[in-house]
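Take a look at the structure below.
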Amino acid sequence: MKCLQPLLAGLLAAVALPATAQNPDRFFNPNDLMTIGSYYYPEQWPRAYWERDLKKMGEVGFEFTHFGEFAWSFIEPEEGKFDFSWLDEAVALAAKNNIKVIMCTSTPTPPAWLAHKHPEILMVNAEGRTMQHGSRQQISWSSPVYREYVRKMVNAIGEHYGKDARIWGWQLDNEPSHYGRYDYSPAAQVSFRKWLQHKYVSIDSLNAAWGTAFWSIRYNNFEQILIPNDKELIAQPAPAAVLDFKRFSAEEANDFLGMQYQILRKYISPNQWITTNLMPEHVDVDATKINSLDFLTYTKYLVAGFDTGTGKQGFRLGSASSIGFSNDLFRSINGMSGVMELQPGQVNWGRFNPQPLPGAVRMWIWHAFAGGNKFVCNYRFKQPLTGGEQYHYGIISTDGVTVSTSGQEYIKVINEIKSLRAHYRPKETAPDSYQKRQAALLYNPDNRWEMDNQPQTDQWNSLNHIKRYYTALKQLGAPVDVITEEKDFAKYPVLVAPAYQLLDEKLVQRWQEYVTNGGHLILSSRTGQKNRNGNLWEMPWAGPILSLIGGKISFYDQLPTTVTGTIQSNNRTYTWNNWADVLVANAGTTVLATYSNQYYAGQAAVITRKTGKGSVTYIGPDTDDGALEKAVLQKIYNQAGITTTDLPEGVMIDWRDGFWVAVNYSDKPYTLQIPAGKQLLIGSKTVPVAGVAVWQE
C-alpha cells in the first residue's frame, strides 16, 4: 500500500527486492569479525591535504572510509554536468592506503541551483513554513520533480562507480528522517490522498475507520482531506488520521530508498551491498518496514545531554540499552547490521555537550561488536573548522594531524579487534544455557505512533517503556531479538510484548498458540486497548486479550508527579507513577502483585496463568525503575526451569562468534564470574566503569 511516485516506477521497485534475511558472508568476510572506519569529506578540505589525511587514516588502522553523502553540489555543480574527477582522486588515494570506500548517494543535500529552479521540491513544516536551502534534509520525498533529479544523479554515480572493486558498499541518503519532522508540502498532500485512496478505496470506508462522525469531520471525497496537523486546528485531529499519516510518511521514506536501490542494483556488483543509516529514536521512519535494502545500519550518539545513564557519571556514558536495543532491533530485521555513525567524542548539538568519560568511546565500540554488527564507522575523521558542526570531535583534532583523546580509543579498539581475529573459531556455537534464555521483544512502531499521539500523561514515553523490559531481560542474561509480528514466535522460550496497544484477533490467536505449545508470553500496560485503526473495541476494556490473560482490566490510573503509587509483591514494595492497569484475576489465574495504596489498594497489579504447556503474564503498572518488571520476568524464567543471571543495572554481557563480551555502563566496577580455565583475552575479571572484558570458554 505504497504511495507510488510515479506508479510504474514504484511497481518496478517492488520487484526483486532482497530477501528479508541475507547471508552475511555474501558481503562480509566472517574472519574479519568487525571492521572499523571513519567518515572523510574530501570536498571540505584543500586537495593538498587529501593524501596526508588518507595516509594517516590507513596508518592508524582504519579499514574503510565513507564518501559523498553531502556532496551533490560537487558531483553535479550545474544541472546535467556531472564531475567525478575529484572523487576519483579521493577513491584512488583511499585504495593506495588499503582503505575500502563506502560510496553514498547525496540526496540529503540538493544543490542550490536545484532549489532555486524548483522551490516546489522543498518540504513544508507543521507551522506552514517552507524549508529553505542552506542546511540538509529540507526536501520533500513526495516531490516527483525532486525524485526525477535524484534518479538522474543516482544513475550517474551508479554508472560511474558500479563495478569499481574499490567500492565496498553503498549508503543511500543519510539518516533519512527529516530529524523527527514531518512533511506538509503540497506534494506530500497529493501523495497522502493517493495513499489513502489506495488503502480505503471508498470514502465511506475511510470515514468509518477514522471515526469522522465525531465532531462532524466526515468527508465527501478524498480531495477534501488535508494532512492532520494540530498546528492548524483548535483541538486535536482524529487519532486514526494521525496514525495513517505517520504510516504514510514512513512508507514514503521506504519508497524513496527503494527507488534508489533499484537504480544502483542495475550497475553495481553482486558482492557490493546497499544500506542506509537510521536513528532508532526518530520513529518517523519505520526501520522494520524498510525491506528494499540489503540490511540496515544505525546512527548512535549517547552523550549529548539527553541520556543520564546510571549513577553520577551516567551522563558521560549513556545507557546500556541505547546501543543494546539498537543492536538487537537492527540485527533482527534481516540477520545483519552495522553502525554507520558512532559518536567519536564530544559533540555540538546536544542539550549540553559533556566530554565522554575516558574509556566510554572504546566501550561503545565493543558493545556494537557484542551485538553482532559487521562494522562500525565514526563521524568523522577530522574535526571541521567551518560549518554547523565545528564543535563536533573528530579522530583528528583541529590542527589536522594530532589524534584526539577519543580517536586514541578508536585506534586501541582497532588493534584489539585485529588481535582478536587470531582467536576466532568459526564452528563455535553459543553455550546451551545462554541459548535457553533466548527472548524476543515484540515491536511495532505503529504502537509508538499511536501512544505518543495519545499518551494520556506527560510522563508516558513509549520507547522508555519498551526499553524497561529490554533492560530487565538483559539483566537476566538473556540474548534478545527485537522482532516484528512477521517473525516466528515459536523459536523463543520467552516472548515479551510491552504496551502492545494495537492488535487484531489474528495476533491474539497466534499468542494463544504460542503459549499452548510451551511459550511464555508477557504483556504489559496498554496492551490490546485498540484495533489496528487506533479505535477502541466495542467490548470490555482490551476485550480481545481478556480470555488469554485470564482476567479483566477494570480501569487504568495515573498520578501527579508529586504522588507515588505503591505495589506489593513477595514482601517487597515497588513504586509507580505514570500508568497502572488495575486488574481482576479469573479463577485459575494467580495474582503476583497487588496495589498497596490509593483507593484500590489490594487489587491486582500483576496476574499470571498457565495455559497449555506455557504461560501468560500481564503486568499492569509501568514502574519507576523497572524493578517489578525484572522481578516478574525472573519468576517466569524460574518457573520455566530456565537459569538466569542477575546483572546490575548498566552491565551487559553478550556472546558473539565464540567470544563473551562484558561492558560496564554502571557507576561501580563489576567482577565477572568466569570459571577457572577460561581464557580472558581483553581486560580483567573486574571490569571498571566504562570498561570492557572479552573472553572465550
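Every residue gets a Cβ built from N, Cα and C, even glycine.
Curation does not apply to TrEMBL; its annotations are automatic.
Note that the coordinates shown come from a computational prediction; the quantities given were computed from them, not determined experimentally.
Annotated substrate-binding residues in TrEMBL are Arg136, Trp349, and among Asn97, Asn98, Asn174 the one listed with them is Asn174. Residues Arg136, Asn174, Trp349 are recorded as binding substrate; their most distant pair of Cα atoms lies 17 Å apart. Each of the binding-site residues Arg136, Asn174, Trp349 was scored by the other Cβ atoms within 10 Å of its Cβ; the lowest score goes to Trp349. The two recorded residues Asn174 (substrate binding site) and Glu341 (active site, nucleophile) have their Cα atoms spaced 10 Å from each other.
Residue pair Arg136 (substrate binding site) / Glu175 (active site, proton donor) shows a Cα separation of 11 Å. Secondary structure of the domain 'Beta-galactosidase C-terminal' (656-697) per DSSP (helix as H, G, I; strand as E, B; remaining residues coil): 0 helix, 20 strand, 22 coil.
One way to see the shell of the substrate site is to take the Cβ centroid of Arg136, Asn174, Trp349; the remaining same-chain residues with a Cβ within 8 Å of it are Pro108, Ser135, Gln137, Glu175, Tyr179. Put simply, Glu341 (active site, nucleophile) is 15 Å from Trp349 (substrate binding site) when counted between their Cα atoms.
Summary: among the active-site residues (Glu175, Glu341), the fewest other C-beta atoms within 10 A of the C-beta are counted at Glu175. Cα of Glu341 (active site, nucleophile) to Cα of Glu175 (active site, proton donor): a span of 9 Å.
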